[in-house]
Amino acid sequence: MRPVHPEFVPDASLSRAEMERLQRDIAEVAVFEDRFDFDPEAVSAGAGDAEQTQLGGTVSGDDPPVVAGVDQAFAADGEQAVSAIVATRGGEVIERVHAVEPTEIPYVPGLLSFREGGAILSAFEKLAVEPDLAVLDGSGRIHFRQAGIATHVGVTLDVPAIGVAKNLLCGRPRESLDGHLPEGARVAIESDDGVTAPPGTVIGYAYQSRQYDDPETRHVNPLYVSPGHRVSAETTTDLVARLCDGYKLPEPTRLADSYADEVKADIGE
DNA sequence: GCGACAG
DNA sequence: ATCTTGTCGC
């Protein structure tokens, strides 16, 4: 698929001020509400039993939604960015594509999409299937200007997108995240000064996708999920919950992660 | 000046 | 993100 908004394609040669201006423009176009066609409850990680046939026909009317996991890896001392996309439907891989692009700028908190966005969009151009949802590694609305990489990519392609991060970029948890949150726990992340949203706006959630039983032994950190485009913060969390099949990270993300590493290994030869 | 910062 | 072996625990 190709950009629906060419004017939003990340340009690494822009000045920092221009990048921030573009992010504000993107945030204005972004939709942080549910505006998609598929059934959220039809999204799943492992291949479920929705494939059963009856007299040659499928029991369920239509196919499960197509979810595209996106992740990056870097090679050649960080000079090459590998973007990998793995598309799944009902937990089954239906397509894998990747793109390798030179990295033009270093990582700067808040400007991640200008470093990795180019490779990601190149990979999406090779993707034949039209995903119902894109799952990006990083934040969406949990961003200073409400335009993290999930929002940037989602708006540019105008595809429903969500962001899944392992660390919190900004915002403030409504409750302390210290201690061990039980599996399935959700804590709202609100905007504070430093985020271009009315103070107190729920810009995402800390979601405990996985946890050990005994708090004394080991603990897992929560994920920080947020809307990218066309998905609300609540639904974003619901979707991530459905995609994390007993693991900390969503299945599509894990698949894209390993595929990116696979490609990186093939490059170093 | 201090603090804070996805991948 | 990346450089990296073993090791603890379910």
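The backbone N, Cα and C atoms fix where each Cβ goes, glycine too.
Annotations in TrEMBL come from automatic prediction, not curation.
What TrEMBL records for this protein:
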BINDING   A:ASP71, A:ASP137  Mg(2+) binding site
SITE      A:TYR107  site 'Interaction with target DNA'
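Overlay of TrEMBL annotations on the structure.
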residue: A:ASP71; record: Mg(2+) binding site; DSSP class: strand
residue: A:TYR107; record: site 'Interaction with target DNA'; DSSP class: coil
residue: A:ASP137; record: Mg(2+) binding site; DSSP class: strand
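Reported as a whole number, the C-alpha separation between A:TYR107 (site 'Interaction with target DNA') and A:ASP137 (Mg(2+) binding site) equals 14 Å. Highest local Cβ density among the binding-site residues A:ASP71, A:ASP137 belongs to A:ASP71, counted as other Cβ atoms within 10 Å over all protein chains shown.
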